[in-house]
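**Student:** The structure is given below, and queries will be raised subsequently.
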Amino acid sequence: MNKGIERSVSVVLGAQWGDEGKGKLVDLLSESSTVVCRCQGGNNAGHTVVAGGKEYFFHLLPSGIINPNVLAIIGNGVVVNLEALFQEINEAVNKGLLDVASRLRISDRCHLVFPLHQEIDRMEEELRGLNLLGTTKKGIGPAYSSKVTRNGLRVCDLIGDWDQFTAKYKELVNYVKRRYPALEINVEESLEQLKTYREMLSGMVCDSVLLINKLTESKQTKILVEGAQSCMLDIDFGTYPHVTSSNCSIGGVCTGLGLSPSRVGSVYGVIKAYTTRVGSGPFPTELLDGIGEYIQKKGNEWGVTTKRMRRIGWLDTVVIRYAHIINDFNALALTKIDVLDGLKEVKIARAYVDPETGNELSSFPADPFILSRVVVIYETLPGWKASTQNCRVYDELPPAAKTFIETVEKLLNIPIRWIGTGASRDSIIIRSV
């Protein structure tokens, strides 16, 4: 046993169905970090950070790269669309971020997302007819499928022997064309583009497993891992089949970076003051009335990646307790409380009941049919008319808003350390809990 091990890694994870505002907490914590990492997912993720009057949208890059002093690492668990990556780098540079390419390291073990994966994603969704999963059509699922069927190509293949890469790429094309005869792929054109990306990757690719584990040995190094998507979209623990294709919970951090669990010091969960989800799937607290419409408009609830309108529901502590069982959060960040300003009353889901037996469910149901039928038991609290927007101190909040926060804490038995009160990076309350 290594008794001198440093628990220098902090992790930020979503505890709902994504879009919780993880970027805001990552932006804050990255100020005291030396390294920021992505561990899973691809450019189906979407993190938004507002800083210096500019709005930054991140899909593949760790959003903590906004801090000019950090090293950013894309870990082995991420699937990388190179066209999207370089486009994102250019957009970040054009908005004034410094030395983005020179501060970025990409794992040589990352699997690659090709246009053929995106086409397969689109075709598969069309084949589902009315039973849509709500995929982002970014090719993420098919890329992970290639990884699991062991015919995927990795960054190390692309930067290695070109003839070998060409042969492997053609094998992959032949494999998918046998299954999708309608798929049109210009192999030579694709290879020419990939050769360009191969040159552009120069200096960025590394053995990220070795790099990260060496970095954890230093007491001066503070590593921040930002999860993409969220626990309820986890391929194993989410509301399957309406999930993403990777592990978005704490296990995905370790496997997606080659990091021992013993290196992880703190795990922080991020929740909204209400709940949202994009695409299909059961949603027990969903609001299909004027209140839902009010929250949707006021919260500007549109997907960063998909541009689709997000579905709206009340805060669901059953979901968050389940996420806590899996991830063991040290503390929570509660975002967008300002969106609830002006409501006559606010509700918090505290339990699910089986509609046939009338019994409270003892665990979060794996079966989506059961989840779609549950009766939700709510705590109903008075709303508040006074604005919480841009509050910086807890005691500045209206009494009813504080009651809401403290009720959530009591129901979850997890401290809420951060409270988001607006879009700006400075619109946050930090509590000593």
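Heads up, residue numbers simply count up from 1 along the chain you see.
The backbone N, Cα and C atoms fix where each Cβ goes, and this holds for glycine too.
Below are the features listed in Swiss-Prot for this protein:
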- D19: active site, proton acceptor (ACT_SITE)
- H47: active site, proton donor (ACT_SITE)
- 18-24, 46-48, R310, 336-338, 420-422: GTP binding site (BINDING)
- D19, G46: Mg(2+) binding site (BINDING)
- D19, E20, G21, K22, N44, A45, G46, H47, T136, R150, Q229, T244, R308: IMP binding site (BINDING)
- V304, T305, T306, K307, R308, M309, R310: substrate binding site (BINDING)
**Student:** Using a 10 Å radius around each Cβ and counting other Cβ atoms from all shown chains, which of the recorded positions K24, H47, R308, R310 yields the largest count?
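**Tutor:** Max Cβ neighbours within 10 Å, all protein chains included: K24.
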**Student:** Can you tell me which of the recorded positions K24, H47, T136, Q229, T421 is spatially closest to M309 (substrate binding site)? Compare CA atoms only.
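**Tutor:** So, spelling it out, the nearest of the recorded positions is T136.
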**Student:** Minimum Cβ neighbour count within 10 Å among the binding-site residues N44, T48, T136, Q229, T421: which residue?
**Tutor:** T48
**Student:** Whole-number Å distance between the CA of Q229 (IMP binding site) and the CA of G18 (GTP binding site)?
**Tutor:** 5
**Student:** I'd like the Cβ neighbour count for G18 (GTP binding site), meaning other Cβ atoms within 10 Å of its Cβ, all protein chains included.
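**Tutor:** Summing over all protein chains shown, G18 (GTP binding site) has 28 other Cβ atoms within 10 Å.
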**Student:** Do any of N44, H47, T136, R308 (recorded positions) have a CA within 10 A of G21 (GTP binding site), and if so which?
**Tutor:** H47
**Student:** Which number gives the other C-beta atoms within 10 angstroms of the C-beta of M309 (substrate binding site), all protein chains shown included?
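**Tutor:** 13, counting other Cβ atoms within 10 Å of M309 (substrate binding site).
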**Student:** For I337 (GTP binding site), write down the residues of its own chain that are at least 6 apart in sequence and whose Cβ falls under 8 Å from its Cβ; none is a fine answer.
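**Tutor:** Listed in sequence order, they are A273, T388, L397, A401, F404, I405, I419, G420, T421.
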